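What follows is one structure encoded as structure tokens, with my remarks underneath.
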Amino acid sequence: MSGTILENLSGRKLSILVSSLMLCQVVCFLMGGLFAPVPAGHQTVLGSKCRDVPGRQNDTSFFLYSRGNGACKSLQDIDIEQDELKMANQLVYVFQMPLPRDNNTLQYSRWQQNLIGVLQVDIAYDSASELREPPKELQLTIDTRLAYRNQKDADTDWKLYAHSVEQRYLDCHASHVGRLETLYTCDIIPLFELGALHHNFYLLNLRFPMDTPKQMNLQFGHMHDLTLTAIHQNGGFTQVWLVLKTLLFPFVIGIMMWFWRRVHILQRSPALLEYMLFYLGGALSFLNLPLELLTLGVEMPYMLLLSDVRQGIFYAMLLSFWLVFAGEHMLIQDSPSKSTIRSRYWKHLSAVVVGCISLFVFDICERGVQMRNPFYSIWTTPLGAKVAMSFIVLAGVSAAIYFLFLCFMVWKVFKDIGDKRTSLPSMSQARRLHYEGLIYRFKFLMLATLLCAGLTVAGFIMGQMAEGHWKWNENIEIQLTSAFLTGVYGMWNIYIFALIILYAPSHKQWPTMRHSDETTQSNENIVASAASEEIEFSNLPSDSNPSEISSLTSFTRKVAFD
């Protein structure tokens, strides 16, 4: 039996391979740490207050803007305070993005990929009012209009991107009690999310219509200030990220072709673990495919959803592989028959599939709708926010439970191997040294698997927290550095690359040696014969199994059988 490359590769060659892969891992960390900026940046834009033009309130082709030729005149707070109705139904809050810097006009780049807007609302009540605390879940109706223009367009050439009338709920607290009015600061609310940043300039017009019969926007006094935080992916980070993807993609494709060719050379059908390795490589290749390069030429508002789907497929395949990988090395099995997904792993994998489908449905409910209406958010209603938060907490808890279960499976594998090592002293020294080396290599690989799983779960939880950070308004100190992101991404590729190489079938054949010859060898030749001794178990039931890929598995199953 030839076994795998992990079992037959010499110690020197294995050391060179591991050292090379570790060097690649360091390079991935350094790419993020030295060459990439922070993954995301943001700008805080204070809304300019402009007087609406009578008769144009319902004209979605009309926009007010605060900079450039034909800009509206900003109103002062004193002008609004002196008006008896606080200029109700006459105000338009204008946000023009991006802001200039040092008198230089900045523009968005397609490398920045996406744009998220969250709104900070400050409201005011007359101090003469008996109201001291606004009611919780204060409903706010907003007429939102988002427009765009490009670098070569005129200052007046704004085009409608999206229009919607949205409801948001405010949770406010008093921040300043004055003689004339009391100011209240409200929690930030999600406003919009663009899956593609295809244009150079964006303009946001917000109106707060008041209607007595409909009881619209009558629960609070008047708007005091609006602050928009626009969050975007940094273009420099995107460039480093795509360079990493572009470099890794052909290597993974090449190693998959090499692996599958070696499997099909053998006179047997592929084993379950070999199928899982090939599928895992396919999921990683789909994730590595630098589709984001298409957004530089084509507007793809579905790119965020597509990225989530690709990452979800990879997570599902990776989590499933780890369960099968550990399970295939739990070497005391109820039946010596060939392992299949349906026979051994359907309970474990069904939980992974259900969890991934749940997250996919949750993602479709938000980002699927946002492709048509970027102002939609599941976080807007109190019930929706609780459901979304529950999904995130449940996903994090599930990931932690999965990691603990995987640790338990690996511990059982180690325990099984430890129990089987009691049979090693009865073997010849050459055979014992060979199997001790296999056990050491296997344990090292399993510990690397646990490390990879731990970092993956940590990255998943931190990613979910970062996504919800601006939405549930918690002061969570998170530092998702570029080095961590590129390092973990590189780790996935290097880990899977190593598994495909090490678990590829080895074509090295062990020359036959009669057992009687072993007893006549001198002590000086025993260790040297380890490289040429056939590992042969004539009474082992699994020897007749054409899908067996590991002589370590054969060894432990034989001891269990005996």
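Cβ coordinates are placed from backbone N, Cα and C, and glycine is handled just like the others.
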Leu14 vs Leu305, membrane side identical per Swiss-Prot: no
Three-state composition of the topological domain 'Cytoplasmic' (261-275), taking helix and strand from DSSP: 9 helix, 0 strand, 6 coil
Rounded distance in angstrom between the Cα atoms of Asn103 (N-linked glycosylation site) and Asn58 (N-linked glycosylation site): 34
Where Asn103 (N-linked glycosylation site) falls in three-state DSSP terms: coil
Contact yes or no, the transmembrane segment (276-296) and the transmembrane segment (442-462), 3+ Cβ pairs under 8 Å, gap 6+: no
Average model confidence [pLDDT] within the topological domain 'Lumenal' (463-482): 50
The transmembrane segment (240-260) versus listed stretches 16-36, 442-462, 483-503: most Cβ pairs under 8 Å: 483-503
Secondary structure content of the topological domain 'Cytoplasmic' (1-15), with strand meaning DSSP E or B: 9 helix, 1 strand, 5 coil
Proximity verdict for the transmembrane segment (312-332) and the transmembrane segment (391-411), three or more C-beta pairs under 8 Å: yes
